[in-house]
Amino acid sequence: MAQVVMSALPAEDEESSESRMVVTFLMSALESMCKELAKSKAEVACIAVYETDVFVVGTERGRAFVNTRKDFQKDFVKYCVEEEEKAAEMHKMKSTTQANRMSVDAVEIETLRKTVEDYFCFCYGKALGKSTVVPVPYEKMLRDQSAVVVQGLPEGVAFKHPEHYDLATLKWILENKAGISFIIKRPFLEPKKHLGGRVLAAEAERSMLSPSGSCGPIKVKTEPTEDSGISLEMAAVTVKEESEDPDYYQYNIQGPSETDGVDEKLPLSKALQGSHHSSEGNEGTEVEVPAEDSTQHVPSETSEDPEVEVTIEDDDYSPPTKRLKSTEPPPPPPVPEPANAGKRKVREFNFEKWNARITDLRKQVEELFERKYAQAIKAKGPVTIPYPLFQSHVEDLYVEGLPEGIPFRRPSTYGIPRLERILLAKERIRFVIKKHELLNSTREDLQLDKPASGVKEEWYARITKLRKMVDQLFCKKFAEALGSTEAKAVPYQKFEAHPNDLYVEGLPENIPFRSPSWYGIPRLEKIIQVGNRIKFVIKRPELLTHSTTEVTQPRTNTPVKEDWNVRITKLRKQVEEIFNLKFAQALGLTEAVKVPYPVFESNPEFLYVEGLPEGIPFRSPTWFGIPRLERIVRGSNKIKFVVKKPELVVSYLPPGMASKINTKALQSPKRPRSPGSNSKVPEIEVTVEGPNNSSPQTSAVRTPTQTNGSNVPFKPRGREFSFEAWNAKITDLKQKVENLFNEKCGEALGLKQAVKVPFALFESFPEDFYVEGLPEGVPFRRPSTFGIPRLEKILRNKAKIKFIIKKPEMFETAIKESTSSKSPPRKINSSPNVNTTASGVEDLNIIQVTIPDDDNERLSKVEKARQLREQVNDLFSRKFGEAIGMGFPVKVPYRKITINPGCVVVDGMPPGVSFKAPSYLEISSMRRILDSAEFIKFTVIRPFPGLVINNQLVDQNESEGPVIQESAEASQLEVPVTEEIKETDGSSQIKQEPDPTW
């Protein structure tokens with residue numbers, strides 16, 4: 001801030017306070033300009049005097065010079081005082097005629113206009129994320145009023161240039177300036193596009209409305225989708241980080257996150273950069289968020305990180321880089337302090353508006369590029385751009401005039417900030433084509449770049465080509481090291497197994513040598529750029545000729561490169577053994593006993609664990625990452641199980657172990673372990689009366705959950721977990737979704753009241769009964785089978801949900817049958833035989849399962865659907881096992897295949913049927929898959945973490961068998977708790993939370 005020195009100037013009255021603020025504001029702007037001049041190595045010193053204040057601004061050296069020469073300041077102040085006195089005397093001598101009064105009013109109104117204009121410039125600069133003054137484009141704002149919204153103007157005052165305001169309006173604006181703010185919705189449209197952009201303008205106007213409320217915190221997860229038409233299933237995504245490359249090519253489109261507002265703030269130009277209150281970064285940089293605290297990164301380039309849950313607090317979207325972060329009035333100094341930047345991270349987010357906005361921006365940039373490219377090749381009208389050619393021949397084909405730090409790529413790979421900056425610089429953009437013959441030489445590249453192809457296809461084509469180029473480069477350099485002129489295949493595994501005797505020099509910094517299939521696009525590009533200096537060093541050529549077994553698993557030869565999946569599997573097994581042994585000691589047993597984790601979680605008062613490392617709760621080892629597992633192993637001596645009520649766990653023990661427990665601790669008499677007389681074995685009753693039955697007994701069934709039941713306070717992933725709160729929340733959400741479905745079903749029938757949905761009918765006849773408007777990736781089924789994220793997504797999307805009933809008569813018949821089946825009261829058979837049996841086990845909770853005869857046909861259809869899912873799952877498991885070289889079916893990691901596109905390709909699927917888990921497939925699709933079973937084939941393009949491919953015979957390395965099986969199991973344990981598993985018993989569906997330990 002400028003230095004202020006108090007002088008002895010005569011004080012003015014309080015009317016000058018407004019002008020004082022304007023002067024302070026302008027001096028701050030002057031100081032920002034001096035900082036920019038200092039970056040150009042120009043030195044500036046400035047002394048300003050206003051009333052009783054002396055301002056000293058300038059560069060660091062300039063201020064130091066002025067502060068040492070106090071005589072300069074005194075002389076300047078003295079001169080200003082004398083001139084002020086002369087002006088006052090002359091003012092007294094002049095007569096106050098009407099003309100003079102009018103001139104005074106003109107000066108005043110001009111001053112106020114200047115003040116308002118400067119404040120508008122300050123607000124506009126603040127909306128752009130800058131601390132400097134930015135000129136307001138009044139003409140563009142008035143022409144395209146939906147691009148920039150001005151809030152806080154006094155009621156009845158429209159936004160326009162200050163020169164069009166009268167004196168009273170100007171004063172009124174200055175009095176209410178504390179609430180004035182600019183919000184930039186999108187870049188300005190060109191005039192010709194603005195005339196036809198009614199839809200976009202209407203959308204932008206809707207986005208101006210502030211939300212009437214905000215929804216509660218939403219835990220979501222993300223899966224990659226395609227191009228700009230993306231419909232992210234969740235709001236955030238977990239991906240790897242390549243911090244060394246600022247222009248990492250990301251085929252996966254992320255919704256704005258908390259880091260977007262910080263990392264994507266780039267200046268419009270260096271001249272207006274100023275001092276930013278947040279660090280500038282690159283929008284392409286991806287952030288890795290581990291599921292456990294301080295979990296290390298997977299060493300491979302293609303690693304998949306554990307999924308994370310992101311909480312989004314609000315439901316309205318405003319551009320991250322343009323939104324006014326604080327609704328509080330600005331402080332008296334108009335320039336915001338950098339210290340406040342950290343407090344302005346709360347933003348409202350609405351994916352639909354964000355998606356519409358980024359789609360429109362990408363379309364504009366795509367049209368701009370095509371128009372500029374057509375001008376370069378002298379073609380008429382827009383022309384499709386061969387992006388791969390521009391990326392492969394950067395010296396002969398390139399683009400000039402792009403904003404600094406933005407590489408030329410397909411617009412679908414840019415985020416909103418870069419798209420806006422490109423549009424602002426559209427006049428300077430120019431395509432340079434030095435070799436026109438390149439545009440017609442490579443037809444393969446043009447075929448790979450079809451306009452209809454999505455981001456995934458483009459990414460796959462690009463990375464495949466780059467890997468091929470790098471592999472050819474390595475083969476050539478490897479042959480040179482061996483004294484050969486012909487390229488030779490590189491034994492990558494041997495280089496990894498013997499890093500001291502076989503290695504490569506000249507690779508870019510922080511890039512290890514390995515097979516090109518492990519590199520991402522940024523590293524591949526860097527390797528190609530330094531291809532001339534790459535050199536293979538072979539100290540022991542004999543290693544290349546011997547086929548040793550030690551290279552069959554190169555990633556596990558050294559501790560540094562040990563496979564992550566094998567390592568975490570071993571640690572989990574070790575911790576599991578520790579827990580089992582400690583649990584047995586607590587029961588007074590000598591042999592290890594498997595811990596019933598759900599029982600501990602459900603009874604934390606009577607069953608808990610002491611001595612765990614600080615911050616680590618007690619739960620199944622499959623929930624822990626490597627850091628926590630290692631901490632538990634190191635502190636295993638302190639761990640102690642406390643069992644206050646052994647009767648809670650006795651039913652979970654093996655039959656031979658129960659009799660060895662000290663019976664004094666039991667509160668109830670010991671009973672035989674036979675199934676018919678053991679009171680400790682609870683039996684569950686389920687009464688199935690119809691497809692929509694929801695009996696009290698069903699709701700009372702306790703299912704094992706993966707929640708925390710330890711008495712040790714902890715905060716998993718930053719929040720303290722409460723099973724009661726979670727259970728209450730999911731129960732409430734399920735009820736809301738069920739009520740919503742019932743209301744929509746009634747609307748489809750033309751009724752005002754809600755109608756209970758016959759889910760079995762919808763599942764059995766999907767062509768005649770179906771639901772439209774559900775969020776992408778969410779199938780229609782009972783609300784009880786959904787987790788919290790999907791329930792919340794359904795409620796957010798409730799306005800679009802619509803039930804389609806093509807055969808109302810069949811629907812009414814099903815409703816009547818369901819009603820008639822529920823009308824008679826349930827009768828419990830009281831035959832003498834039953835009474836005799838019940839008398840022997842009076843304390844058992846035995847309940848009959850009653851199935852009305854009318855529902856048998858419907859239940860058989862549901863059973864057929866479940867059988868189809870099992871058959872499809874078995875088919876996929878068998879095909880996947882064949883693809884990875886196994887002779888037996890292997891559980892398919894559906895989620896990992898989905899979030900690692902390009903790693904595993906599934907061919908032979910029926911037309912119109914995409915590959916996904918069987919639980920998400922329609923009945924008709926599953927039948928078509930089974931009909932095409934012989935054509936379906938899994939192909940592993942490149943491995944991903946958790947996938948172990950056995951290319952050797954099983955008997956060559958028998959020790960790999962258990963590891964592979966465990967890793968296959970471990971790869972499935974990464975699925976979050978919120979994944980729905982639908983269990984169908986008759987027509988009633990009971991959601992079971994996955995329990996990897998039982």
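Just so it is clear, glycine is given a Cβ too, placed from its N, Cα and C backbone atoms.
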Swiss-Prot annotates one residue of K39, K353, K744 as N6-acetyllysine; which residue is it?
K353
Between the recorded positions S19, K35, K130, K861, which lies closest to S784 (phosphoserine), Cα to Cα?
K861
Using a Cβ-Cβ cut-off under 8 angstroms and a sequence gap of six or more, which residues of the chain neighbour K879 (SUMO2 cross-link)?
I936, K937, F938
Using a 10 Å cut-off on CB atoms, tell me which of the recorded sites K130, K185, K864 is the least crowded.
K864
Please determine which of the modified residues listed here (S19, S412, S517, S722, S784) has the lowest count of neighbouring CB atoms within 10 Å.
S722
So among K35, K185, S412, K660, all listed as recorded positions, which is physically nearest to K864 (SUMO2 cross-link)? Use the C-alpha atoms.
S412
Have the repeat 'GTF2I-like 3' (457-551) and the repeat 'GTF2I-like 4' (562-656) got at least three CB pairs under 8 Å, pairs 6 or more apart in sequence?
no
By DSSP assignment, list the helix, strand and coil residue numbers for the repeat 'GTF2I-like 1' (103-197), in that order.
52 helix, 8 strand, 35 coil
For K35 (SUMO2 cross-link), the one of S19, K130, K185, S412, K660 that lies nearest, given that the recorded positions are compared by Cα:
K130
Determine, using Cα-Cα distances only, which of these recorded positions is closest to S412 (phosphoserine): K130, K660, S722, K861.
K130
What are the DSSP helix/strand/coil residue counts across the repeat 'GTF2I-like 3' (457-551)?
53 helix, 8 strand, 34 coil
